[in-house]
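Lifted from Swiss-Prot, the feature list:
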{"type": "BINDING", "residues": "32, 42, 43, 44, 45, 46, 47, 102, 288, 301, 302", "note": "FAD binding site"}
{"type": "BINDING", "residues": "203, 214, 215, 216, 224, 295", "note": "substrate binding site"}
{"type": "SITE", "residues": "203", "note": "site 'Important for catalytic activity'"}
{"type": "SITE", "residues": "387", "note": "site 'Important for catalytic activity'"}
């Protein structure tokens, strides 16, 4: 097989990139180690920045998102038994965030690629990258996990295959520098058959730990609890989960948490990670292959969307004008924004979670930070600007 851009991974990064390239007349082939049913059926939350929503609409894949998504003009920070609303819409000149699950984004993008003749090979195995530092890099894989080995010859490879995929290790260790922080806590997330308990997201800092109230649909709400990093889901009965949520979300004004049957629950680890550089030869990384953020800042999918916008623009300049300038600067352009998103995600995580190693002094600093960002317009504006998504800067 021969194509212009070989894309490894059919997550948000790979699918967005493929469709952006299609709109510019650039060919691509996507390979993915999971089945279509797996990637479309893995339920994951999604809080989309204004820029990501705008991108999907500009690409012509945003119709269902605009119909079914929940548009939030703010969010609440809750501590010391009181809620404090951050009016993002007002503080950012009319912008908002959209709650639309990641797997729904994937469904829309897969449908768009297939409807326009895009090639996606699902359920592949033994993926490997070759000759990435030449002008003709190659991807090898086995169809249906154990079929006969096939090869895609490309001009460029986009590694959109997540944190554990084969793309990042294809950058030599002598070239690659990795930055990482692993947090001493995790999130226990549940999906509940109950209407949302609030119209906007609630981020709660409590003596017992962090809690988050989110939404999935008018009939389903998503809730999270901070738990120990070594904890196991078997330790958490439904009754224990509800008891802890009620305790951490309690307010002096009688907030009511709506209960219902829990039909999904699991524990998600928390880490921050950055790979530098995000490119080597004709290989470019995007999304979780290049960086991970804790979910507190809701930046994962949005960073992937930003990465592929830069890469798509660089590839467009190469194929239409023979220019390599943007491609050569991809790492520089992307990492400038990524590090700011990493900072914001770390800031939100450390401000909202209880670390068992904290002294009373550090607890006092944490509460002072919360008080400051909710009482100072300047601090609230900074928070809102980061939450809504920083601009792309080339």
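Glycine too: its Cβ is placed from the backbone N, Cα and C atoms.
Structure with Swiss-Prot features highlighted.
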residue: 32; record: FAD binding site; DSSP (3 states): coil
residue: 43; record: FAD binding site; DSSP (3 states): coil
residue: 203; record: substrate binding site; DSSP (3 states): strand
residue: 214; record: substrate binding site; DSSP (3 states): coil
residue: 224; record: substrate binding site; DSSP (3 states): strand
residue: 288; record: FAD binding site; DSSP (3 states): helix
residue: 295; record: substrate binding site; DSSP (3 states): helix
residue: 387; record: site 'Important for catalytic activity'; DSSP (3 states): helix
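Less than 8 angstroms from the CB of residue 32 (FAD binding site) sit 9, 10, 14, 39, 120, 121, 122, 123, 124, each of them six or more residues away in the same chain.
Of all the binding-site residues listed here (203, 214, 224), 214 has the Cα closest to the Cα of residue 47 (FAD binding site).
Using a 10 Å Cβ-Cβ cutoff, residue 47 (FAD binding site) registers 24 neighbours. Sequence-distant contacts (6 or more apart, same chain, Cβ under 8 Å) of residue 288 (FAD binding site) comprise 11, 13, 162, 163, 300, 304.
Cβ neighbours of residue 215 (substrate binding site) (same chain, under 8 Å, six or more residues apart in sequence): 70, 99, 196, 198, 201, 221, 222. Comparing C-alpha positions, residue 203 (substrate binding site) sits nearest to 387 among the recorded positions 43, 45, 302, 387. Cβ-based neighbour count (10 Å, all protein chains) for residue 45 (FAD binding site) stands at 22. The CA atom of residue 387 (site 'Important for catalytic activity') is located 19 Å away from the CA atom of residue 216 (substrate binding site). Using a 10 Å Cα-Cα cut-off around residue 214 (substrate binding site), the binding-site residues 43, 45, 302 reduce to 45. Nearest by CA distance to residue 43 (FAD binding site), out of the binding-site residues 216, 224, 295, is 216. Of all the Cβ atoms in the protein chains shown, 17 others lie within 10 Å of the Cβ of residue 43 (FAD binding site).
Around residue 302 (FAD binding site), the C-beta neighbours below 8 angstroms that are at least 6 residues distant in the chain are 48, 49, 51, 52, 341, 389.
Listed in sequence order, 45, 187, 268, 270 are the same-chain residues six or more apart from residue 295 (substrate binding site) with CB atoms under 8 A from its CB.
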